Amino acid sequence: MKFKPNQTRTYDREGFKKRAACLCFRSEQEDEVLLVSSSRYPDQWIVPGGGMEPEEEPGGAAVREVYEEAGVKGKLGRLLGIFENQDRKHRTYVYVLTVTEILEDWEDSVNIGRKREWFKVEDAIKVLQCHKPVHAEYLEKLKLGCSPTNGNSSVPSLPDNNALFVTAAPPSGVPSSIR
């Protein structure tokens, strides 16, 4: 399990751990997504992401996590949504990122032997549904109506550019969108 000695977990007002992640695409067509091996279960694939640090903005946290876990840099695009995992008490800000640079060696490849691999979106959904269904939801949401603009124009499915709030379990008095 990955735990850094200087790591500080941050929580929102309702006690959910604040997380950020990116769906990293090879191009703006958003047809191939990068997944990384899990630190806990190296034979399983996940979307790169992790906890936000104190005073860190969600977009900055997402870019940092992708750099550490996947060894890529890119152009940060739109906020796809804020996904809630009731079981683990996580709220994850999920962004779209178009990869512009791929590092040969990166922090998690060197320290824990993490791997990365490109998947067609449909294949990634199938792989993620087995052990990380919440991560599969990110890609399913993407397919349901977010055009591949990567933040270059307004997203029709999100009025006024508000983030869609998605729950992994029935909502418990949480608003359907967060402004």
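Placement of Cβ uses the backbone N, Cα and C atoms for every residue, glycine included.
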- Note on the structure: Of 6-27, 28-49, 50-71, the range Swiss-Prot tags as motif 'Nudix box' is 50-71
- Message: Based on Swiss-Prot, name the residue from Arg114, Arg116 that is recorded for the same substrate site as Arg9, Lys17, Lys18, Arg19, Ser38, Ser39, Arg40, Arg88, Lys89, His90, Lys132.
- Response: Arg114
- Task: With an 8 Å cut-off on Cβ-Cβ distance and a minimum sequence separation of at least 6, pull the same-chain contacts of Lys89 (substrate binding site), or say none.
- Result: Gly15, Phe16, Lys17
- Item | Listed binding-site residues Arg9, Lys18, Arg40, Arg114, filtered to Cα within 10 Å of Glu69 (Mg(2+) 1 binding site) | Arg114
- Message: Quick check on the motif 'Nudix box' (50-71): DSSP residue counts for helix, strand, coil, in that order please.
- Response: 13 helix, 2 strand, 7 coil
- Task: Around the Cβ of Glu68 (active site, proton acceptor), how many other Cβ atoms lie within 10 Å? Please give the count over every shown protein chain.
- Result: 17
- Note on the structure: One residue among the binding-site residues Arg9, Lys18, Arg114 has the fewest other C-beta atoms within 10 A of its C-beta, namely Arg9
- Message: If you compare CA-to-CA distances from Glu65 (Mg(2+) 2 binding site) to each of the binding-site residues Arg9, Lys18, Gly49, which comes out shortest?
- Response: Gly49
